[in-house]
């Protein structure tokens, strides 16, 4: 695979290899055949980041080869959304001959939605001033004249200039209902929107008929919490990043959901609060004991669950675990399988043509 060519003819083979690999990794814990969810074969990534290479009067997007570290020119990127590809061409055309906008520009980040909105961030090794803002506003207006629904942001050391806003609102059809998700620049969002829809619908399916409340750790902008709220009496969710918490609160209101409570704290801190080890001012007014959480949902970072959180989640009858790293999932399962068994197993091809796998398990108490 090269940045400008996807081996789409190999899609089925690479997916089949992942299924075999996941089954092998999960063999000590389950003999289930994974439920498999396919990605679009191209234009599946909703965000992308590129370094900018200055070559005389020219400049262009590049990425670095992971093995050789050599730079690769990228003029089109079929893994990314069609809107990102349009913007890549338009941004280079708009910046190349503009001394103010191109000077010390070293990176451009793109974030897009299925609803055809975009945030483009330009990163600089220089101070950004009023002249930069004026030129950036002219570029934004020129892009919009091309029917590109785009918001521009300038970033430099300790500086962020959002010309209009630093977010876009995604609209996803999830099990017959449209979900609105505010996505903030430089915050985590699911990269493959089509797969995100399938993950949300799978999570809804495995939790249908649930009793009691749901606890979610690492909730981000409320991606899963809000979609799953319809299956539970109440949802209690934790997140540490301020922009994500703010987006989650907006999303609760935008989706007219009244049974989700977001707490800004780390999973490790919440574990301490639940165990009565520490009290937190952030929990004032929230009666943790009133929640009857029968199900816990975790979508941890690549490092997986720490040992204290492992112990904490074992107290719940059902564990829904989405993993971007099956190796750490299996490491966690060495502990979790002592008290729980695997009821459902799914593979989501979030990152086609790479070795990365996204998978999920539903665990129930033995």
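Keep in mind that glycine also has a Cβ here, set from the backbone N, Cα and C atoms.
Residue 324 (active site, nucleophile) falls within neither a helix nor a strand when secondary structure is assigned with DSSP, and so counts as coil. Listed in sequence order, 301, 302, 350, 356, 358 are the same-chain residues at least 6 apart in sequence whose CB falls under 8 Å from the CB of residue 324 (active site, nucleophile). According to Swiss-Prot, the feature active site, nucleophile maps to 324, an assignment based on sequence analysis.
Cβ neighbour count for residue 358 (active site, proton acceptor) (all protein chains, 10 Å cutoff from its Cβ): 25. The active site, proton acceptor annotation in Swiss-Prot covers 358 and is backed by sequence analysis.
Counting only same-chain residues at least 6 apart in sequence, those with a Cβ under 8 Å from the Cβ of residue 239 (S-adenosyl-L-methionine binding site) are 218, 219, 220, 245, 248, 262, 263, 264. Feature annotation from Swiss-Prot assigns S-adenosyl-L-methionine binding site to 190, 218, 223, 239, 299; the stated evidence is sequence analysis.
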For the recorded S-adenosyl-L-methionine site, enumerate neighbouring residues of the same chain (Cβ within 8 Å of the Cβ centroid of 190, 218, 223, 239, 299, site residues themselves excluded), in sequence order.
188, 216, 219, 220, 221, 222, 224
For residue 239 (S-adenosyl-L-methionine binding site), which of the three DSSP-derived states applies: helix, strand, or coil?
strand
Highest CB neighbour count within 10 A among the binding-site residues 190, 223?
223
Long-range neighbours only, meaning 6 or more apart in sequence with Cβ under 8 Å: which ones does residue 299 (S-adenosyl-L-methionine binding site) have?
216, 217, 218, 219, 220, 224, 321, 322, 323
